[in-house]
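Below are the structure tokens for one structure; questions will follow.
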Amino acid sequence: MSSVDVELNTPQAEAVAHVNGPLLVFAGAGSGKTRVITYRVANLIARERIAPYRILAVTFTNKAAGEMKHRLTGLAGEDVVRDLWVGTFHATCARLLRRHGEAIGLTRNFLIYDTQDQKAVVTRVLRELDLDERRYPPRSVLYQIHKEKQEGRGPDEMSPESYVDDAVIKVFRRYEAHMREANAVDFEDLIGHMVRLLEREGEGDAIRRRFSHVLVDEFQDTNAMQYRLVRALVRDHNNICVVGDDDQSIYRWRGADVRNIRYFRRDFPGATVVKLEQNYRSTGNIVRAALGVIAPSPHREPKELWTQNDNGPPIEVMAAADERDEAAFVTGRVLDARKAGASLREIAVFYRVHAQSRVLEEALRIANLPYQIVGGTKFYERAEVKDALAYLRLLANPRSDVDLLRIINTPARGIGTTTVDRLVSFAGSRNQSIHEALEVIDEARDIAAAAQKRLAALRHLLERLRARVEIASPSDVFLEMIEQTGYREALRADNTAESDARLENLAELGGSIREYEASAAAAGEKASLDGFLESVSLQSDIDGLRDEPRVTLMTVHGAKGLEFEYVFLTGMEEDMFPYKSMDERGDEELEEERRLAYVALTRARRHLVLTHTQARQIFGKTRWGAPSRFLRDLPREAIVHKQTRGAKSVPQRFIDRPERPLAPAPWAAASRGGWGAPSAPPAPARPAPSQTPGQRYVDREFFQDDHGGESAPLRRGSRVRHQQFGEGEVRSVVHAAEPAVVAFFPGWGEKKILTRFLRPA
DNA sequence: TCTTTGTAATTTTTT
DNA sequence: ATTACAAAGA
């Protein structure tokens, strides 16, 4: 046995040792997923002698990709990691498309438009088509376009069964034309073009042949096109390993389709399936609580998280009077934790929506507790940074109209909306990009001579700078740009606190360009403006913030993949969590809320506190909320109910889980200021699996023991007999939903077994 | 062209 | 409560 094997449990080792053919790994929360992925890759290289450059590992975020590279560097060394293909879906596609994209009409230096750019294109198209922006909000039109693209449909293939407004189709068509004209792609295009390329003879084969082993992390988050991409990529060899957890699928609203992981077995016949169910992260109470919340979820792949860890302290469910009371309570507990020696780094406060953060922030500030909010306005979304980047992109790719229009009068240079409108229609009438139109601006009759002059001056300015791109380093070009365009001077003249902050942000951008140059040099590549822009457009935020310990505030979505010693989950009221939006909440959405709650609970290592309020101000209105239905799914023995001094006590009916689906009666009694909840329906009782024969997956084992079957008094050292494994010895007792132990069977190794499958030996 | 005022919207987020 | 964004005024 090598040292590698010793560090892995049985299913982990199985996943690591697997080499060829499809492999599906269900990775429960805290089950050592990253370890399995990295060891598996290391194993392919070291033992199976697969060349690193033939292995592709795909993630969803740059952070996850970075983490994977980091961990692999420790295992396999820098040289190996440099040759591996590790990246997000989008970054990987961009990289391949720059090399092979000519075949489908992409030039090497295409731009990637982010959401804001895309929206600007839509807005422009709406105006061109003279459509009312109130009737067709750009945001929602863009959303509809993306929905189609995520399913791989263009304007001409939009699904006829789903009624779509004719106007949207028109906008879609022109949107695509504009993107082509600007030599730009959106995020969906990166995937879509790649699929098209892969499905072609020649180029497709070449790309397919590149990779002999493909791995996809967080597979439950893939959408239809990403799934198609993966299938096309591994068509020849089926050496595909996907890792994920259907219980943690929380991105349905952005196109993710859990069925990709649930139907993997069907689509890749003969797939090996491994389930990582041992949780190394959390206490027994937390694991059981999480199981209680996720168990009622229908269709889930049967799996049972368990842990050998001790039970730990009980989970607290705290009732507060309102959101200020709640925030004060959380702050007090954070202070206690710090007094007890916890680092603020180990403490997180979660909420369902960002709007909840303000009150928490205020309370923490009063208590002088440093905090950081994850997911506020991102660095690269600040106006000044976007402006500067627009200039840089325009230097790299003159045809980018969105960028040109963004900066055409920034800083103010006397080019107003009238001039811009005329310029746009002038370019449109000649079927040219605006940049091309600028070259012949003197032919534009409607544009006043003075305005023509200013436009020409802008053109010359851009040309001067563009000439420098060939010669100077990206960071020098950047400095010359903010100087010569007058951008910096305009901010300096402003001389307000805000303009100071903006100047600082520009300095930081300059710093990140230099950082890019350094990393390019380290990788032996030439730093180019194109290269920098690419790294920016596929990277969302700068996380290299100062390392002072801080309390972390974030939405539950943002928490996925993280873990903390202390977790405070706030706003556990009906209509907050599960969240109630304007439109009707479908069953699917409710199930996603449930999974979201599961994700939240499983972030905590040892201390978990859930808070809910009687009344909450949100969006200027007061909501009276009953405790969340998810609270009643927590196993009673793992939790303790408390209330702050300001809160009234919680009626028992909000604590108990109803035996049978309730008649609506007890809920209907709303009393202002009490725990009335006119809008709160009774939580759906746990589905009785035996009564729903049509379901695909029924977790029978779990439910059968829900009535509390007597378990034999087993302890470490007890001798037991199992039908298949024979006689063995109990190594530890496990805290799972049902009594279980880990036992050692000679010839089989350690196995986790439900107690009811064991007989005393 | 720039500033002010009014109005509507407001889950979750990556790339 | 807050904010973003568009139309109207200086």
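Glycine too: its Cβ is placed from the backbone N, Cα and C atoms.
Those TrEMBL annotations? Automatic predictions, nothing curated.
When I checked TrEMBL for this same protein, it listed these features:
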| type | residues | note |
| --- | --- | --- |
| BINDING | A:A27, A:G28, A:A29, A:G30, A:S31, A:G32, A:K33, A:T34 | ATP binding site |
| COILED | A:434-468 | coiled coil |
| DOMAIN | A:6-283 | domain 'UvrD-like helicase ATP-binding' |
| DOMAIN | A:284-561 | domain 'UvrD-like helicase C-terminal' |
| REGION | A:665-694 | region 'Disordered' |
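For each feature listed, report its degree of burial, its nearest neighbours and the pertinent distances within the displayed model.
Every protein chain shown contributes to the tally, and the Cβ of A:T34 (ATP binding site) ends up with 17 other Cβ atoms within 10 Å. DSSP classifies A:T34 (ATP binding site) as helix under the three-state reduction.
Sequence-remote contacts of a segment are chain residues at least 6 beyond its ends whose Cβ falls under 8 Å from one of its Cβ atoms, and for the coiled coil (A:434-468) they are 391, 394-395, 398-401, 404-405, 408, 413-415, 419, 422-424, 426-427, 476-477, 480-481, 484-485.
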What count of other C-beta atoms do you get within 10 angstroms of the C-beta of A:S31 (ATP binding site), across all chains shown?
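The Cβ of A:S31 (ATP binding site) has 27 Cβ neighbours within 10 Å.
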Show, in sequence order, which residues other than A:A27, A:G28, A:A29, A:G30, A:S31, A:G32, A:K33, A:T34 on the same chain lie with their Cβ within 8 Å of the centre of the Cβ atoms of the ATP site.
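What remains near the Cβ centre is A:V36, A:D245, A:L276, A:N279, A:Y280, A:R281.
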Same-chain residues six or more away whose CB lies under 8 A from the CB of A:K33 (ATP binding site)?
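In sequence order, the residues whose Cβ lies under 8 Å from that of A:K33 (ATP binding site) (at least 6 apart) are A:V25, A:A27, A:D217, A:V243, A:L276.
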Calculate the per-residue pLDDT averaged over the domain 'UvrD-like helicase ATP-binding' (A:6-283) and state the result as an integer.
90
What's the most sparsely packed of the binding-site residues A:G28, A:G32, counting other C-beta atoms within 10 A?
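Lowest Cβ count within 10 Å among the binding-site residues (A:G28, A:G32) is A:G32.
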